[in-house]
Amino acid sequence: MARTVRDAAWVLGAIAGRDGRDNYTLASPHPISENTHRVTHERIIPDVTRSSQLKLRSAKVLIVGAGGLGCPAAQYLAGAGVGTLGLVDGDTVESSNLHRQVLHRSKNVGKLKVDSAIESLRDLNPHPTYIAHRAHLAPQDAADIFKNYDLILDCTDNPATRYLISDTAVLLGKPLVSASALRTEGQLMVLNNPPRSVGDKTGGPCYRCVFPRPPPANSIMSCADGGILGPVVGTMGVLQALEAIKVITATDEEVKPPSLHIFSAYSSPLFRTIKLRSRRPNCAVCSGEASVTLETVKSGSTDYVFFCGSVGPEKLLLPEERISPREYRTKYPVTASSEAIGTVTKEPTIIDVREKVQFDICSLENSINIPISSILSSATKTAQNNEVANGSNPLPPWLPADIASSDSIDPIYVVCRLGNDSQIAVKRLKELGLDRGGERVVADIRGGLRAWREQVDPEWPEY
């Protein structure tokens, strides 16, 4: 091992095709020998041979998602000298991304993430070929994109896309490195490795083999809603790059049994490993009984949104069940006299369904906090809810008595950070009978507190 930070940098530089002074020597007829000569005072890494480096330089790797996972993964693969790197993402850089999406810079806020990432990668290593796919991955395009690459990295954060990526990788015979991260935990898997043909039991399992059923739609939490510790997602992205290098440079004899690696920042030990089974005999995509094909994926017959129970937020509620922040403030204005004393006119109940840690950062005046997690965990069937509203059963523990009272018909408006969880909460509250059969307004503030900042209060904290 290197004895100093400087020596360690020399070792990594040799792997990446650079010398200790950050001079690239890729054009040399014997680049591996020259770089190895520069670090002869250190131990030579036995797993990184000349053959390994040549494999890396001829490899074509596709990274789906240029966010918290994709940025560190791309950074280390570019540094390792991977020949071609493709990036797929349709999002633009936001200031709230910068703490964890390490390729992006403040100057690139508003720029497409793939363009921002490639700009940084070229500064790191100008020699690889970088390919930008400036759109979210769609079923009709996935196969046409994937076919040009040797290895796929899933750096996304939603189940529907994960299943799409895995299915397409299996059907095209591409190994897949998949990772996820939320809050202080992460998961990592190498799937479809070795990438045998559909129906071949000796191939590595796919995402459907590990998770044949998606999680309940109302249990899914994004980084924007649940939060993420930057080093956690960075750790998982770096490990994706490491696994990608191992897949690229391995021989058939070196393929390891499939495993699920679980990282928890506040546990000891930090990592746990669970051995995975081989391909499921009835898997919908990689078994002999497969029903998912490239044709069903491309045509839309395999409906990933329906399979995952994901409904676009705009489809959860009717227009009359929603109100924009501007419309809300117009309907319930702050009067001149009340502004002078720092209060507002009598307003309906505002329920903020963010988790308490976010509510404590900032909150609308007179709003109350009922976290969405409490609402979902305590929700009951509609028939039982009607009984609750009539007082024949105990109230859910999270529901204040004055709001649930059968005498109360004051309007209820629900708000969250981005306008997604609030819609789910409105549906749950109506299932509980709190709309009194339509006599009481129970509505969502469209776009959440982000829209509130844009339409009502430009000074509202953004986090």
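Note: Cβ is positioned from N, Cα and C throughout, glycine not excepted.
Site annotation for ATP in Swiss-Prot covers GLY68, ASP89, SER96, ASN97, LEU98, HIS99, ARG100, ASP157, ASN158, and the matching candidate from LYS55, LYS111, LYS113, LYS147 is LYS113.
Candidate binding-site residues: GLY68, LEU98, CYS286. Nearest to CYS223 (active site, glycyl thioester intermediate) by Cα distance: GLY68.
For the Zn(2+) site, the Cβ centre of CYS206, CYS209, CYS283, CYS286 serves as reference, and the other residues of the chain with Cβ at most 8 Å from it are SER166, VAL170, ASN192, PRO205, TYR207, ARG208, ARG279, ARG280, ALA284, VAL285, SER287. Least crowded of the recorded positions (CYS209, CYS223, CYS283, CYS286, CYS416), judged by neighbouring Cβ atoms within 10 Å of its own Cβ: CYS223. For the recorded site, SER96 (ATP binding site), the DSSP three-state label reads helix. The Cα of CYS206 (Zn(2+) binding site) lies closest to that of GLY68, out of the recorded positions GLY68, SER96, CYS416.
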